[in-house]
Amino acid sequence: MHRTHTCGELTIKDLGAEVTLSGWVAKSRDLGGMTFIDLRDRYGITQLVFNMDDNEQLCAEGRKLGREFVIKITGKVIERSSKNLKIPTGEIEIKISKLEILNAAKTVPFLIEDETDGGDDLRMKYRYLDLRRAVVRKNMELRHKMAHETRNYLSNHKFIEVETPVLIKSTPEGARDFVVPSRMNPGEFYALPQSPQTFKQLLMVSGFDRYFQIVKCFRDEDLRADRQPEFTQIDCEMSFVEQEDILNMFEGLFKHLFKSIKGIDIAEVPRMTYADAMKYYGSDKPDIRFDMKFVELNDVVKGKDFKVFDDAELVVGICAKGCAQYTRKQVDELTDFVKKPQIGATGLVYCRYNEDGTIKSSVDKFYSEEELQKWVSAFGAEKGDLILILAGKADKTRKALNELRLEMGNRLGFRDKNTFAPLWVLDFPLLEFDEESGRWHAMHHPFTSPKPEDIALLETDPGAVRANAYDMVLNGTEIGGGSIRIHNKELQSLMFKHLGFSQEEAHKQFGFLMDAFEFGAPPHGGIAFGFDRLCSLFAGLDTIRDVIAFPKNNSGRDVMIDSPSTIANEQLNELSIAVK
Ligand code: ASP
């Protein structure tokens, strides 16, 4: 028998018991005639004690144990003289009578402790050692619980988990596909699913009514942002539903996860239209942990000979509460921030509403104090506030101001990771114009249904057509999105036509789905949550890598197994592939 207990369970109640434990040597300390060892396993740490006076030979063996040796010991639970009340096993130790080395260990490349000296690359190369660290393992335990609670909630609501294939053909999420050559069909390729979108819709045609799957998806995208080429979704679809049914069901899932995992009661999730999100926050995923809404100033500032404002399509700003006392240096920092190329503003205008009631702006030359008073009123600013204004092309300016707003939120401590502010964003546009290809693209995917009252606009003003599409946003991050689908062939064909597909192209790529719609397709809709992202937000982490057991690096590489890698010529020949 390798163990009677784990390293996390013996307490003062077990005094006197003879026990056997197995685990890793986390640390050892020699103190005069005694040697102490911390024995670690997944469940915790138990202190072992070897005593020179009791058993010289055993003690000598104990002293030779290196870090990360795997050992098995037998001994008696005794009370510790110096207790550690921070851990459950901290009041006891094991007085060893028998020691067996199950496996020795080389010197590990970094410390297996919460605070490690290992850099990122090293930790990824030896990820199996990194995963031994309790802080990293806890993230995986959280992930497990989240998956478990997701399955509980959805099963309780009559969803069934159905696996869909991984070797398929292109799915329409708008990214590049990963492809897999088919040996049996020379010159032909499978694509890995960007999502199970078409399959889950087909399952609705099959009458499955409620489907979900915790599923791997694959998108060959640039990995600049916090993305992974393979990631996990909680993918769901329901029949005979309208948007409201979906929002309620999945708000329920979201609340269940918060309650069961974090013990937090989430109130009703507020809703905002896409149009308002863009107008007031310059983003389709506003962080509503804090207010600081945009105020548009075209009516207030134009016509005073200040060319920058007069020429701008949009003049818009935010009011930072209590920041009027910002120093010149702090304001310069903000100016530098908005001028960074990735933000792209040409400058920043400020206006201080000082505590003494005076108003001072960086454009005093053009605006009298009386006029500035109008700015103050437009923002509802109070004494002590600082107004920050950007001007230029509407879309670009809103985007830049969004960044500035988030930066101010950080500076003012409004973006606390333990505060959770979810939001539904509704009524997304159906289409967006892609300058590069000169074509309209589906903003969500081509199976998303337009709002019935907007269908007529498809011909006249495609950009104005709203979709029955929704996103769930948490703390400024999109965590899920979905739509009510088109479920009849005519509307689906019309959609493909507007997306610039010829009938043949549409048939070649998605004929199977259009055919299915002719055999009695129920009205249906669904949603998918980014499971990695959700886990990382729950864990208060900045990157999804930390909730993935074996993640890839920014070049899409697994440095531990060294993949991707070249393959042998015979393999290439078998696949009828020539590599340049
Ligand atoms: N398949 C969509 C996605 O991956 C989600 C959905 O529409 O249900 O974003």
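Numbering starts at 1 and runs along the chain as displayed.
In case you wondered, yes, glycine gets a Cβ from its N, Cα and C as well.
Heads up, TrEMBL stuff is auto-annotated, nobody curated it.
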Additional site residue, Glu161, Glu163, Glu478, Glu574 [criterion: listed by TrEMBL with Arg219, Asp220, Glu221, Gln228, Gly530, Phe531, Asp532, Arg533 for ATP]: Glu478
Annotated stretch (region 'Aspartate', per TrEMBL) among the listed ranges 197-200, 361-364, 433-436, 569-572: 197-200
Around the Cβ of Arg485 (L-aspartate binding site), the count of other Cβ atoms that are within 10 Å: 25
Entries of Arg219, Glu221, Glu478, Arg485, Phe531, Arg533 (binding-site residues) sitting next to ligand 1, with Cβ under 6 Å as the cut-off: none
Entry from the binding-site residues list Arg219, His444 having the most other CB atoms no farther than 10 A: His444
Per-residue pLDDT averaged over the region 'Aspartate' (197-200), given as an integer: 97
Where Arg485 (L-aspartate binding site) falls in three-state DSSP terms: strand
Residue from Arg219, His444, Arg485 whose C-alpha is spatially nearest that of Arg533 (ATP binding site), among the binding-site residues: Arg219
Shortest C-alpha distance to Glu478 (ATP binding site) - which of the binding-site residues Glu173, Arg219, His444, Arg485: His444
Collapsed DSSP category at Glu478 (ATP binding site): strand
